[in-house]
Each structure stands twice: as structure tokens, then as C-alpha cells.
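J.: Here it is: the structure, laid out below.
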Amino acid sequence: MNKIAIAIDGPAGAGKSTIAKEIANINNLLYIDTGAMYRAATLKLLNSNISFDDKEKIEKILKNTKIEFSNGNIILDDINVNEEIREPRINESVSKVAAMPFIREILVSLQRGIAKDNNVIMDGRDIGTRVLPDAKYKFFLTASIEERAERRYKELIEKGYQCSYEETVDEIAHRDKLDSERTVDPLRKAEDAIIIDTTGKSINEVIDIILNIIRN
Ligand code: CDP
Ligand code: CDP
């Protein structure tokens, strides 16, 4: 029997992971945060202290790297890295790592493997366009840069990081630009995705919009 697949794409801070997690709970789906996989690969490379230009070494390291999910946690080489992958140093480098074609090849294949065996809701940048082009439901979440930065800024302050709202705007605008302009699988709306502008909308409002579409 064909598995259910829901794809959620969009820029940073659009609410993808919060909303996908909730929809997964309500509909008994497996939630896969593909951004966490690119973040874990970035953490591994930063900890390995190698230059991002050294393609050969990067390939070698990543071929010997295990990235898995267990009970909603992201596990890198058998260690839970949920917290570490959200650190600002990862935000600074992840889009550079995610632009490397061979890294995308490895992770896309892992993501497709998970979707083959499970009913999934997957969020990222290229889920509707590349990872699961046949997904039955595709959503593209967005919001104004000001609101997305405000949401992220609040999270960072709550976690005790020292940063300004302006720095947060710059960080996500820079990441969005790299993600949208890269050659391989850039961030873009799939033609058949439904766009939801979440500016001024609460989490519950967005969940309701999506649930109504799925149920109808
Ligand atoms: O949570 P946030 O939206 O800030 O980012 P994320 O979903 O954790 O993704 C982090 C980064 O991974 C993105 O900025 C992209 O560079 C990359 N990514 C990607 O290239 N393709 C995906 N399917 C998911 C994430
Ligand atoms: O995954 P993505 O980067 O798209 O966004 P997120 O991590 O799900 O959401 C970023 C922050 O915005 C979280 O703290 C959410 O609680 C918050 N949020 C919100 O306040 N209103 C929404 N409509 C969606 C998310």
C-alpha cells in the first residue's frame, strides 16, 4: 500500500517544524525534520576542523557518519545532538554545507528511504520539489522576514544566547538567499504546493488551515 506523504517547505522561521510536529501528532505520522539532518552534517564537519573547500576530505568524513532519528531526536554517530545543532555557529555554516551536491545526494536518499517505509510529514526546503515530488499534500509556508526574525529572536533569547533582533534578521535573510540561489535543489515552491502566508497567524490557525485541506 502506498504510504502517506506530506511535504512542508519554506524559509527559516516560517513555522514549518512547529506545525509539522503538531500535524504528525494529530494524524499519527512520522515527523522528519530534514533541516536537522543538514545541521547534523554541519556539526560533524565543524567538529572535524576541516576546510569547507576540501571536498575530498568532506566526502570521506560524511561517508563514515551516521545520521538517524530516534523518537523524534536527531542522532549523530550514536549521540543525541538535538540542542547542539541549534547553536548560532551551525546557523552560520549550514547553508554552505547544504549547497554541496554530494551531501544533498546522501541526505535525500536517506529521506526517501524513510518515506518509503513510513507515513511521513517532512519539512525542509526541497521536499515538494525533489525529495518527495509525488507527495499527496504539499505546503509552502512563508511569512514576512520581520515576523520570521522576531519568532527566531525570541527563541534565541529564551535559550540565553546574546544576539540582537537586527543580527537575527541578517542571519536568516542571508541563509534564505543562499538557500534560494544555490544550484542544486534550491528553496522554491513546488508548482502544485499550496502557499500559506503565516504572517499574523497563530500556530493553531495555520494548523487548522492545513487540517481542513487534508480532511477535505
Ligand atoms: O529551522 P530553520 O528553518 O532555521 O532551518 P532548518 O530547517 O533547520 O534548516 C537549516 C538549513 O538546512 C537551511 O537553511 C538549509 O540550508 C538546509 N536545508 C536544506 O538545504 N534542505 C532541506 N531539505 C532542509 C534544510
Ligand atoms: O521550522 P521553521 O524554521 O520554519 O520555524 P519553527 O522553528 O517551527 O518556528 C519558529 C518559531 O516561531 C517557533 O518558536 C514557533 O513557536 C513560532 N511560530 C509562531 O509564533 N507562529 C507561527 N504561526 C509559527 C511559528
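The backbone N, Cα and C atoms fix where each Cβ goes, and this holds for glycine too.
Predicted automatically and left uncurated, TrEMBL annotations should be read as such.
Pulled from TrEMBL, these are the listed features:
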- G10, P11, A12, G13, A14, G15, K16, S17, T18: ATP binding site (BINDING)
- 6-215: domain 'Cytidylate kinase' (DOMAIN)
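I'd like to know what surrounds each of these features in this structure.
T.: If you draw a 10 Å sphere around the CB of T18 (ATP binding site), it holds 15 other CB atoms from the protein chains shown.
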J.: Determine which residues of the same chain, besides G10, P11, A12, G13, A14, G15, K16, S17, T18, have their CB within 8 A of the center of the CB atoms at the recorded ATP site, and list them by sequence.
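T.: Those within range, site residues removed, are D123, L141, A143, R148.
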J.: Which number gives the other C-beta atoms within 10 angstroms of the C-beta of A12 (ATP binding site), all protein chains shown included?
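T.: For A12 (ATP binding site), the count of other Cβ atoms within 10 Å is 24.
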J.: Suppose you look only at the domain 'Cytidylate kinase' (6-215); what would the mean pLDDT be?
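T.: Across the residues of the domain 'Cytidylate kinase' (6-215) the model's pLDDT averages 96 on the 0 to 100 scale.
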J.: Who sits close to G10 (ATP binding site): which same-chain residues at least 6 apart have their Cβ under 8 Å from its Cβ?
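T.: In sequence order, K16, R125, F139, F140, L141, T142, L187 meet the Cβ cut-off.
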